[in-house]
Amino acid sequence: MGGGTGGQPPQMQNPPMEQMPYQAAQQQTGAYGGVAAGQPPSAESIKDMFFSYRGRLNRKPFILRGLLLSVLSSVMSTVMTEMTEASSTVMHLLALLPLILMVVFSVGTFMLIIRRWHDLGKSGWLSLLMLIPLLNFLVLIFLWVKKGTDGPNAYGDDPLA
C-alpha cells in the first residue's frame, strides 16, 4: 500500500540542520528580565564572583563588583549606626549582624583586589598596599585604569579572550 514493507509506514529521515530552510530561533538569556532573563545567580557563582582569590579579573567587573560591595557596606554602616544608638540590649546584639556582614564585604573586596593584581601579572600580596592610608587611594585608581596583561599569564587565561 504505502510503499513500506510489511504494512509499515515508510521511515522519514530528517535533513541535516544546515539544509533546513527554517530553523527555530535560539532562546537568548539576558540581564533585564522578561523571557530572556535566565536563571538568578547561584550561591556557587556568587562565591566565585566575590570570594575567590584564584584567577584574573579585568577592569569592568572589578569596578562594578567593588561598587556593589561599597554600596552594601555603606548601607550596613548606616544600619549599624542606627542600631547602636538604641539603648536596648537586643538592639546591641542585633548590631553584630551588620558588623559581621561588613567583615564579609571587606574580605570580598580584598579577594577582588587580589584577582585584579593577578590580571596585571602581579602577586596578590600587593593587595596589602590597600592597608596603607592615602597610598590605598592611589593603588585603587591604578587598578581601575591599568589594562591587564594580554593573553594568559601565570594566574590564568585572559578574561577578555
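Heads up, the Cβ atoms here are built off N, Cα and C, so glycines get one too.
What TrEMBL says about this protein:
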- 1-26: region 'Disordered' (REGION)
- 8-26: compositional bias 'Low complexity' (COMPBIAS)
- 62-81: transmembrane segment (TRANSMEM)
- 93-113: transmembrane segment (TRANSMEM)
- 125-145: transmembrane segment (TRANSMEM)
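Within its own chain, the transmembrane segment (125-145) is flanked in space by residues 59, 62-63, 110, 113-114, 116-117, which lie at least six positions past its ends and keep a Cβ under 8 Å from the stretch.
Only residues 6 or more beyond the boundaries of the transmembrane segment (93-113), in the same chain, are considered here, and those with a CB under 8 A from a CB of the stretch are 50-53, 57, 62, 65-66, 69-70, 72-73, 76-77, 79-80, 83-84, 124, 127, 130, 143. Distant neighbours of the transmembrane segment (62-81): 49-50, 95, 98-99, 101-102, 105-106, 108-109, 112, 115-116, 119, 143-144; these residues of the same chain sit at least 6 beyond its ends, with a Cβ under 8 Å from one of its Cβ atoms.
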